[in-house]
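What follows is a set of notes on a single structure, which appears directly below.
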Amino acid sequence: MGRPLVFEILEKPATSCFIGICSAIWFYIQKKNIGYSHVGLSYETAIAGHHWRIITSAFSHISILHLVFNMSALWSLGVVEKLGPIGLGMEYYLQYTLVLVVLSGALVLGMYHILIQKFKIEYFRRVTAVGYSCVVFGWMTILSVKQPTSKLHLFGFLSLPISFAPFESLIFTSIIVPQASFIGHLSGIVVGYAIAWGLIHGMNNYWAVSMLGWIVLVSVFSLKRSGAYDFSFLEIESVTDPSSVRFVGNGRALQMSALPATGVELV
C-alpha cells in the first residue's frame, strides 16, 4: 500500500502549489469560456507588446487531457524538491522554475522569429502556444543530468528512464498529439541543459525575488499598454512627457482582446 497523498504533498509543496495553480486556471478558463488566443503566446501578440503572455501561456491549458499529462509529469518531477543533498531541493526548484518559464518562452519567440524572418515560414507568425510543457521538459532534462537513475512516472502506471525521457517524450508527443508544440518542448530541453550544465547558474533567493519583481512590473505595463487589462489607477502617457506614468485613481476592468490566431500548439 502506498503512502498517504498528504505526506507526498508535504514533501513536494512547491510542485503541489504549481499543480494547484495550473488546475485552478484551467477551471477558470473553462468556466469563463476563455479561448487560447486570449492567454496563449504567439509571435504577433509578442510584437504587439503582449509580453505578459509569456507567463499566462505557461500556466494555461485548454483541454483536460493536456492538463492531466503535464501535471502527471510535473508530479513525478517534483522529486527534485527532495534532492537537497545533491544541490537541488525546494529553493533550487522554485528559482529555476522561474528561469524556465521566462527563458523557454523567450526562446520559443526567438525560434519563431528565425523561422519567419530567415526561412519565410509565415505559419509561425500567428500560431499560439499554451501549456506548462516547456517547464516540464526543462525539469526532465535537468533531472536526467543531475539524477540519471531516476524514473519518470506518468498517469500512475507508465514509467520511463529519466535519462531518455526528454527526447522520448518529445518524439512521442509529436507523433501522438498533432498539435503538440515541437518548438515549445525543444525550448524547454535546451534551457534545461543550459541549467544542468551550469551555463545558466548563480540563481539565489535575492535574484529570484528581483526577477519576479521585474516580471510583475513588465507584465503590468504590457497589460496596460496592450489594452488587455485596464489598470485605471495607472496612466501611461507619451514617452516625450518626462512624467510618463501617473497614478490617477482606482478601479479596473477586464478587456480580453487578442489578435486573431491561425492555430494552437500545446506545450
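The backbone N, Cα and C atoms fix where each Cβ goes, glycine too.
In TrEMBL this protein carries:
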TRANSMEM  12-29  transmembrane segment
DOMAIN    49-200  domain 'Peptidase S54 rhomboid'
TRANSMEM  50-73  transmembrane segment
TRANSMEM  93-116  transmembrane segment
TRANSMEM  123-142  transmembrane segment
TRANSMEM  154-175  transmembrane segment
TRANSMEM  182-200  transmembrane segment
TRANSMEM  206-223  transmembrane segment
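In this chain, the transmembrane segment (182-200) lies in contact with the transmembrane segment (123-142); the count of Cβ pairs under 8 Å, excluding pairs fewer than 6 apart in sequence, is at least 3. Counting residues 6+ beyond its ends, the transmembrane segment (93-116) has Cβ neighbours under 8 Å at 14-15, 18, 41-43, 46, 54-55, 57-58, 78, 80-81, 122, 124-125, 127, 129, 134-135, 138-139, 142, 181, 183-184, 186-188, 190-192, 194-195, 200, 203-205, 207-208, 211-212, 215, 267 in the same chain.
The list of residues near the transmembrane segment (154-175) in space but at least 6 beyond its ends in sequence, with Cβ under 8 angstroms from a Cβ of it, reads 68-69, 72-73, 76, 133, 137, 140-141, 143-144, 147-148, 182, 185-186, 189, 192.
Same-chain residues lying 6+ beyond the ends of the transmembrane segment (50-73) with a Cβ under 8 Å from its Cβ atoms: 19, 21-23, 25-26, 29, 36, 39-42, 101-102, 104-106, 109, 128-136, 140, 152-156, 169, 215, 218-219, 222-223, 226, 228, 258, 264, 266-267.
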